[in-house]
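So the structure is just underneath, and the comments pick up after that.
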Amino acid sequence: MKPNFSKGLIPAIVIEEGTKDVLMLAYMNEEAYKKTLETKRTWFYSRSRQSLWNKGETSGNVQYVQSLYLDCDQDSIVVNVKQVGPACHTGEKTCFYYQII
């Protein structure tokens, strides 16, 4: 099985190996998905810049892919990673650090 990219982008939920903490949500197009498989590092598609980006390329906070899980509809993916440094550009471990309730 492989992701269905018929709509162009799929959500990629990134979780930390071991803790299973949700680190971030980003989007992949087919090219980002293929580069992730090839390099075993996370690649995403930036909707604002309309280009590919490699997590940690400039910050050094890289993500090493341990496993990938495809959902039942083949239109979203969970990326299980070994995270180096914080995942969030703010310096927080995870992008999900604002508690609402």
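Note: Cβ is positioned from N, Cα and C throughout, glycine not excepted.
Sequence-distant neighbours of D73 (Mg(2+) binding site): residues of the same chain at least 6 apart with a C-beta under 8 Å from its C-beta are N4. The secondary structure of D73 (Mg(2+) binding site), as reduced to three states from DSSP, is coil rather than helix or strand. Marked as Mg(2+) binding site by Swiss-Prot on the basis of sequence analysis: D71, D73, D75.
The 10 Å shell around the Cβ of C88 (Zn(2+) binding site) contains 15 further Cβ atoms across the protein chains shown. Feature annotation from Swiss-Prot assigns Zn(2+) binding site to C72, C88, C95; the stated evidence is sequence analysis.
Across the structure, C95 (Zn(2+) binding site) and D71 (Mg(2+) binding site) are spaced 22 Å apart at their Cα atoms. Rounded to a whole number, the distance between the Cα atoms of C88 (Zn(2+) binding site) and D75 (Mg(2+) binding site) is 24 Å.
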